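Database features (TrEMBL):
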- 2-217: domain 'Glutamine amidotransferase type-2' (DOMAIN)
- 2: active site, nucleophile (ACT_SITE)
- 283-422: domain 'SIS' (DOMAIN)
- 455-597: domain 'SIS' (DOMAIN)
- 602: active site, for Fru-6P isomerization activity (ACT_SITE)
Ligand code: G6P
C-alpha cells in the first residue's frame with residue numbers, strides 16, 4: 001500500500017515527482033524512489049525511510065529526464081530496505097505499484113523456473129518480470145501490459161515505463177485508486193487528485209479494471225475487457241499549496257487545535273439553527289423506512305461508529321451493529337432489505353472499508369458514508385454522501401476527522417430519530433442547541449493543554465495504560481488507548497469501566513496509570529465506583545470530568561482534568577480533546593515521530 005505518481009513532462013520531472021510524493025506520504029513512508037527515462041536509459045534513485053532521505057539524495061545527485069514515475073512505500077512484501085524500494089527495474093521496464101498481488105508466489109515460481117532472477121522480495125518485481133518477458137518476446141509495451149493484467153490477482157494500481165519509449169506511461173488499476181491528470185503538453189498519473197494538484201486540476205478517475213496509455217499528446221483509456229472508454233474529466237478544485245504546520249510543532253497539534261473551527265464548519269452544514277432543526281443532504285430514500293443500521297469502518301473511524309450505536313439506538317430506537325471493516329464481509333453478515341449501510345472514513349480509500357461498502361451494495365443495501373475526502377472512491381460510490389469538513393488531515397493519528405465524524409453522526413442520529421417519529425420538535429431544538437455549544441466547549445477543553453502537558457511526563461514512563469469509560473464514553477476510552485499506542489508506542493487498553501472487574505483489574509498496581517473518562521450524568525456514579533476499585537488496589541487515576549464530577553470524586557486521583565459541563569450527547573466530542581492532547585504530549589515527551597509514527601500509514605489501501 002503506497003502512493004504512486006507519473007509525469008510525462010516538458011522539462012526535468014524529478015523535483016516535481018518528489019513534490020507529488022510529499023502529498024502521498026499519508027499512504028506510507030517506509031521508503032521512496034524516483035525513476036526517469038532519459039537518453040535511452042532508465043535512471044533511478046531510491047532511499048530507505050522518509051521522503052526527506054530521497055530528497056537529500058536527489059539534492060546531491062541530479063536525476064535528469066522529462067518522463068518519470070515515483071513511489072512512496074508502506075511495506076507489504078519485503079522489509080523496508082532500499083532493495084525493496086520502488087521503482088523496480090527489470091530489463092527495459094521500470095514500474096511502481098500500490099496494492100498486493102495475491103498470486104505473486106506461483107507467478108514468482110514460474111519466473112524462477114525459467115531462470116529469471118529477482119533483486120527484491122516484493123510482489124511488484126513479479127509484475128515487472130512478466131511485462132519484461134513479453135517485451136523480450138517482441139511484444140509492444142501495450143501488448144505486453146494487456147497480456148499480463150489478466151494474470152494478476154489482488155489489488156493494484158500500476159505505473160509502468162519503458163526504456164524504448166520515453167513518451168509513454170501505462171497505468172492500470174484494480175482495487176486501488178489511480179487517476180489521470182491532463183496538463184498543457186504534459187500528462188500525469190497519480191494515486192489521487194491531491195498528488196497532482198500542483199500540476200493540474202483536470203482529473204479523470206479510472207474505473208475498476210481500467211488501464212490507460214498516457215502520452216504527452218493524449219490519453220487512451222481501456223476498460224477491463226480492453227474496450228476503449230471515455231472517463232469524464234472533472235475539475236478537482238484541490239489547492240496546489242502544501243499544507244503547513246503554522247505555528248505548531250506538529251500537524252497533530254495543529255489539527256487538535258483546529259477542531260473548534262472545523263467542527264463548527266461541519267455542524268453548520270447539518271444544523272438549521274434558525275429553524276432549530278437538523279438536516280441532511282437531499283436523499284432519494286426515506287430514512288423513516290430504515291429498520292436497521294450496519295456501520296462499518298476501521299481504526300478511529302470505527303469508534304465513531306461505536307459511539308453512533310449508542311446515539312442511534314437511544315434517539316431513534318433503531319438497532320445498530322458496528323463492525324470493523326476487515327471482519328465484516330467474512331462473517332457473512334445478514335443484511336435485510338431495510339438496512340442502511342453506513343461507512344465512516346477520513347480518507348474514503350481504506351481498502352477494508354471500501355470492500356465492505358461494495359459488499360453492502362452488492363447485497364442491495366442502501367449506503368451512506370461519513371467521509372472527509374469528497375473526491376475519494378467511497379465518496380463517489382455511496383448512495384448518500386454525508387461529508388465532514390475537517391479539511392486535509394495530515395497527522396497519521398486521526399483527531400479532527402474523528403470529532404467531525406462525530407458531529408455528522410449526531411446529526412444523522414437526530415434525523416433518523418425524527419424520520420422514525422421519535423424526536424419531538426422541542427427535543428430536536430434542544431439537541432441543536434447542545435450541538436451549537438460544541439465548538440465553545442472544545443475551546444474550553446483546549447485551555448487545559450498546559451496542565452495536560454505537565455502530567456504527560458508521568459504517563460510517558462509507564463509501560464501500560466488503561467482507559468475507562470461507560471456508555472458513549474466507552475468507545476472514547478478505546479480511542480484514547482489507540483491514540484496513545486499509535487504515537488507513543490506505550491501499550492494501552494480501553495475498557496468499559498464496568499468490565500474492569502472481569503479481568504483487567506488483575507493488571508492494576510501503582511505502575512499502571514488509569515485514565516477515567518467520566519462526565520457527570522446518569523452513568524457517573526457507576527463509573528466512579530469502578531474507579532474506586534482501581535484506587536483501592538493502588539492504581540493511579542487521572543480523572544477527566546467536569547467541576548461537579550471532580551468535586552464529587554476527584555480526591556485521591558493522581559491528576560484531574562476539568563472539562564466544561566456539557567450534555568451527555570456531546571460529551572464524546574468535547575472529552576476527545578483532552579484524550580488527544582494527553583496522547584500527543586506523552587509522545588512528544590517520549591520523542592517519537594508524532595506525525596508519522598513507525599509502521600503506520602494514514603490511509604491503508606490494502607486489505
Ligand atoms: C489507518 C490510520 C487510522 C485511521 C484508519 C481508518 O489505520 O492510521 O488513523 O483511523 O486508517 O482510516 P480512514 O481513512 O478510513 O478513516
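Just so you know, glycine gets a Cβ as well, placed from its N, Cα and C.
Predicted automatically and left uncurated, TrEMBL annotations should be read as such.
Residue 602 (active site, for Fru-6P isomerization activity) sits 10 Å from residue 2 (active site, nucleophile), taking the CA atoms of both as reference points. Residue counts for the domain 'SIS' (455-597) under DSSP, helix first, then strand, then coil, are 71 helix, 29 strand, 43 coil. Secondary structure from DSSP puts residue 602 (active site, for Fru-6P isomerization activity) in coil. Contacts of the residue listed as 'active site, nucleophile' defined by a Cβ separation under 8 A and a same-chain sequence distance of 6+ are given as 24, 27, 28, 71, 72, 73, 74, 86, 96, 97, 98, 191, 605, in order along the sequence. Mean model confidence for the domain 'SIS' (455-597) is a pLDDT of 94.
In the structure as shown, the Cβ atom of the residue listed as 'active site, for Fru-6P isomerization activity' sits within 10 Å of 23 other Cβ atoms.
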